[in-house]
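What Swiss-Prot says about this one:
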REPEAT    7-70  repeat 'BIR'
BINDING   39, 42, 59, 66  Zn(2+) binding site
ZN_FING   189-224  zinc finger
């Protein structure tokens, strides 16, 4: 009997909203108390399931250090779950879009680390979201590199400045070289300013230190929030 089969048996006549086969595949078994379940590997427990909740996503959300989860889904999946959580608060919903289009765009944009990087470089969230939406609608896919995204954002800013001929105040002009220079600086650890950033702090979501410096801090150097978990990320 495989691990999956053994875990599945524990659910018996499971009558709750989440599919028991999906729960078993995600490494969970039922403990016989209402809808409470537990991971066979990390021991993490979950309960109070809501309809359409994904067991893998909940596993990654609450127990990102689980080795079984890491083996089955990989670093990128776990990183995307936590980056999505940290960015969802910045989403401005618009009633002009259909629900299906809004879902498609949010599913494509928010797991993308380039969004957070562009925000950290000083670009406005609404401008980034708008240009990513246009990219998806015209080409069917999102940006592949941060450099191309930055170049298009700078170009859009220049077009906006030229069209607003009646402005009464001068706008600071960003040269094409400046964002690229800042991009290189933004990739550096904000503590040692030597190695590349490689760790995202949970729950605040800030990505500001290399692996070595992250091991030496208990609070986020950006917002001073207590760090509950340190998740390794791999930037391209």
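Any Cβ shown, glycine's included, is placed from N, Cα and C.
A count of other CB atoms within 10 A of each Cβ picks out 59 as the most crowded of the binding-site residues 59, 66. Those residues of the chain, other than 39, 42, 59, 66, with a C-beta within 8 angstroms of the mean position of the Zn(2+) site C-beta atoms are 27, 41, 43, 44, 63, 68, 69. Within 10 Å of the C-beta of residue 42 (Zn(2+) binding site) we count 17 further C-beta atoms, all protein chains included. In the structure as shown, the Cβ atom of residue 39 (Zn(2+) binding site) sits within 10 Å of 21 other Cβ atoms. For the repeat 'BIR' (7-70), the DSSP counts in helix, strand and coil order read 21 helix, 8 strand, 35 coil. DSSP places the residues of the zinc finger (189-224) in helix, strand and coil in these numbers: 4 helix, 9 strand, 23 coil. Confidence in the repeat 'BIR' (7-70), given as mean pLDDT, stands at 91.
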